[in-house]
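The disulfide bond annotation in Swiss-Prot covers Cys275-Cys328 and is backed by sequence analysis. For 22-59, the entry in Swiss-Prot reads domain 'LRRNT'. Annotation comment: Swiss-Prot describes 201-253 as domain 'LRRCT'. As annotated by Swiss-Prot, domain 'Ig-like C2-type' applies to 266-332. Under the heading domain 'Fibronectin type-III', Swiss-Prot lists 430-518. The repeat 'LRR 3' annotation in Swiss-Prot covers 108-128. Taken from Swiss-Prot, the feature repeat 'LRR 5' covers 156-177. Feature annotation from Swiss-Prot assigns repeat 'LRR 6' to 525-548. The signal peptide annotation in Swiss-Prot covers 1-21 and is backed by sequence analysis. Residues annotated as topological domain 'Lumenal' in Swiss-Prot: 22-526. The topological domain 'Cytoplasmic' annotation in Swiss-Prot covers 548-623. Annotation comment: Swiss-Prot describes 527-547 as transmembrane segment, evidence class sequence analysis.
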Amino acid sequence: MWVALGMLWLLALGGPHQAWSFCPSQCSCSLHILSDGSKARTVVCSDPDLTLPPASIPPDTCKLRLERTAIRRVPGETFRPLSRLEQLWLPYNALSELSTLMLRGLRRLRELRLPGNHLVTFPWAALKDTPQLQLLDLQANRLSTLPPEAVHFLENLTFLDLSNNQLMRLPEELLDTWAHLKTGPYLSSRRTRLVLGLQDNPWVCDCRLYDLVHLLDGWASNLIFIEARLRCGSPRSLAGVAFSQLELRKCQSPELRPGVTSIISPLGSTVLLRCGATGIPGPEMSWRRANGRPLNGTVHQEVSSDGSSWTLLDLPVVSLFDSGDYICQAKNFLGASETLISLIVTEPQTSTEYTGIPGALWARTGEGAEAAAYNNKLVARHVPHVPEPVALATKPSVPSIKEELPLQNFQMDVPGEFSREPSEHQETQMVRSLKVVGDTYHSVSLVWKAPQAGNTTAFSVLYAVFGQRDMRRMTVEAGKTSVTIEGLAPKTKYVACVCVRGLVPTKEQCVIFSTDEVVDAEGTQRLINMVVISVAAIIALPPTLLVCCGALRRRCHKCRAGGSAEASGAYVNLERLGHSEDGSEELSRSSLSEADRLLSARSSLDSQVLGVRGGRRINEYFC
C-alpha cells in the first residue's frame with residue numbers, strides 16, 4: 001500500500017516527465033550506467049538547421065556532441081553550467097571563431113574535438129580552464145601558425161592532431177618541449193606519450209624544420225606520429241620531398257667576417273667597400289651611411305662557394321662628401337649583425353709610386369723639337385668632372401667654384417692609373433698625328449687621328465702650363481677627334497695630351513705649344529702674303545704705265561707722220577729700265593734695233609732681276 005502511495009505521489013509531481021524534459025528538442029539524450037554505478041548522460045545534436053548551441057542542455061551531461069550543424073560561433077561561457085562535462089565534440093560544423101571563455105568552468109574536460117571546421121586561429125589561452133585536457137583534435141581546419149605561448153597549455157596532452165591544416169612551421173619552443181617530454185601531473189605512474197598528427201600540411205623545408213626532422217628520426221622515444229612520412233610543401237624545388245630525404249642544417253644567426261675597418265683613399269679614385277657574413281639561412285646584406293645621407297654608389301650581392309654572403313659597395317669617383325662611416329648589416333630571422341667601415345677621402349700631396357716603363361715622357365712633335373724640362377716621369381694633377389676648362393693661375397680671373405675644386409695626383413707615364421685593362425701599346429696606337437691649330441691668344445685647337453677608334457670611343461685631353469704639376473682634364477664627346485681649349489693665358493707655353501678616356505697618355509700623344517707662337521706664326525704668314533702682294537704691285541705698276549705711255553706716243557706719232565712711220569719700220573723711242581752702278585733704277589735711251597729686240601722679249605710683268613752673273617751685272621729692260 002505504501003508503494004502505491006509513493007507512485008501516486010511521484011506521478012503527481014511529474015517526476016519522470018520533468019527528468020526527460022531537460023533534453024533539447026533538436027537533440028537526442030541518453031543515460032548510461034557506468035561501471036562504478038554512476039550515471040553518465042550523452043547529448044547528441046545533429047540538426048543541420050542549428051545555428052547556435054542549445055540553451056537547455058542537461059547539467060549532468062558528461063558527453064556533448066554538436067556535429068554537422070550550421071553553428072558558426074560559440075558564445076562565451078555557453079558550456080559553463082556543464083561542470084560534469086568530460087567530452088566535448090564539435091566536429092564538422094561551420095565554426096570560424098571560438099571565444100576564450102568557451103571552456104570556462106569545464107575543469108573535468110578531458111577531450112576536445114573540433115575537426116572539419118573553419119578555424120583560422122584557436123584560443124590557446126582558453127586551455128588554462130581545462131587542466132585535465134588530454135586530447136585535442138584540430139585536424140582539417142585552417143590554422144596557419146602556432147604561437148610560441150601555446151606550449152604552456154599543451155604540456156598535459158597525450159593526443160594532438162594538427163593534420164590537414166595550413167601549417168608551414170612550428171615554434172622552436174614547442175619542438176623543444178616535445179623532444180623532452182616529462183611525466184605528466186595526472187599520469188605520474190607512467191611515462192607520458194604523445195600521439196601527434198602533423199601530416200598534410202604545406203611545410204616550408206628550411207633550417208627551421210631541422211628539429212622536427214630529427215624528431216621524426218626517432219630522437220624522442222615518447223613521441224608517436226600518426227603519419228611519419230611528412231613531405232615538403234615549399235620551396236618549389238623541394239615540393240613533395242619526404243622529410244627523411246632532407247639534409248638540413250641548424251639555423252644560425254648572422255656573423256660578420258672580420259675585415260678592414262678603415263680606408264684612406266685619394267680624391268677621385270674608385271673605392272670598393274666589401275663586407276661578408278655567414279648565417280643560416282643566408283643573411284640579407286645591406287649598406288647605409290651613419291649620417292643618414294644617401295649612398296653615392298652601386299651595391300652588388302655575391303654568394304661564395306662556402307655559402308658566405310658578400311655585399312660590395314662600389315663608389316666610382318669618390319669626393320670629399322663621401323668621407324664618413326658606412327654601416328654594413330647582415331640580417332635573417334634570428335637577428336641582425338652590423339659592422340662599421342670608415343672611409344677617409346684625402347687630397348694627396350705626393351704621387352703614388354707605380355712600376356712603369358722608364359724613359360722621358362714629354363717631347364715636342366715636328367721639326368725643331370724641344371726637350372721637356374721633366375725627369376723620367378711627370379707627376380701631374382687633374383680636376384675631376386670639370387665641365388669647362390678655366391683660366392690658369394697665370395691669368396687673373398674672377399674666382400669660380402670650378403677653380404676651387406681639389407686636384408687629384410696621378411702619374412702620367414704609368415699604364416693602368418686610370419684603366420686596369422688596356423696596355424700601353426694599345427693605347428698608343430689609338431691616338432695618332434696630334435697637331436696644334438692656332439686660334440687666338442686665349443685658345444688653341446687640337447686635332448688628331450684615331451683610325452682604330454669606334455663611334456663610342458671617348459677621348460680626354462689633359463693640359464697644363466709647361467713645367468707645372470697642375471693639369472686640367474677635358475672630356476671629348478664620343479666619335480670626335482678635335483677639341484678647342486679655351487681660357488689659356490697669352491704668350492705662355494703649354495703641354496697637352498690626348499688619350500682614350502680612362503687611360504694614361506704616353507709621350508706620343510703629347511705636344512708642347514705656345515699661344516704666342518701659334519698666333520704669331522699665323523700672323524707672320526699673313527704679313528708675308530701682304531708684303532709679296534705689295535712688292536708685286538710696286539714692281540708691276542711702272543712698267544705698265546710705261547707701256548701705256550709708249551703706246552699712246554706711238555699713236556700720236558702715227559697721226560703726225562702718216563705713212564712715213566711704216567716705211568721706216570721704227571717706233572717711238574724706248575726707255576731702258578735698268579740698274580745703275582749704284583743699284584738704283586734709271587731710264588736711258590736706246591736705238592731702234594734694241595727696241596725691236598726688247599719688244600719681242602717676255603712680258604714686263606714676268607721680268608725679274610737676275611743679279612750678277614759671271615762678274616757682270618745683267619739688266620732686263622721694260623717699256
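Placed from the backbone N, Cα and C atoms, the Cβ positions cover glycine too.
Since we're looking at a predicted model, the values are computed, not measured.
A Cβ distance under 8 Å defines the sequence-distant neighbours of the repeat 'LRR 5' (156-177), meaning residues of its chain 6+ beyond its ends; these are 115, 131-148, 150, 184-187, 192-204, 208-209, 211-212, 215, 226-227, 233-234. The predicted model assigns the domain 'LRRNT' (22-59) a mean pLDDT of 88. Long-range neighbours of Cys275 (disulfide bond) (same chain, six or more residues apart, CB within less than 8 Å of its CB): Leu256, Arg257, Gly259, Met285, Trp287, Trp310, Thr311, Leu312, Leu313, Cys328, Ala330, Thr339, Ile341. For Cys328 (disulfide bond), the number of other Cβ atoms no farther than 10 Å from its own Cβ, over all displayed protein chains, is 22. For the repeat 'LRR 3' (108-128), the DSSP-based tally of helix, strand and coil residues reads 5 helix, 3 strand, 13 coil. Remark: secondary structure over the domain 'LRRCT' (201-253) totals 16 helix, 12 strand, 25 coil, with classes taken from DSSP.
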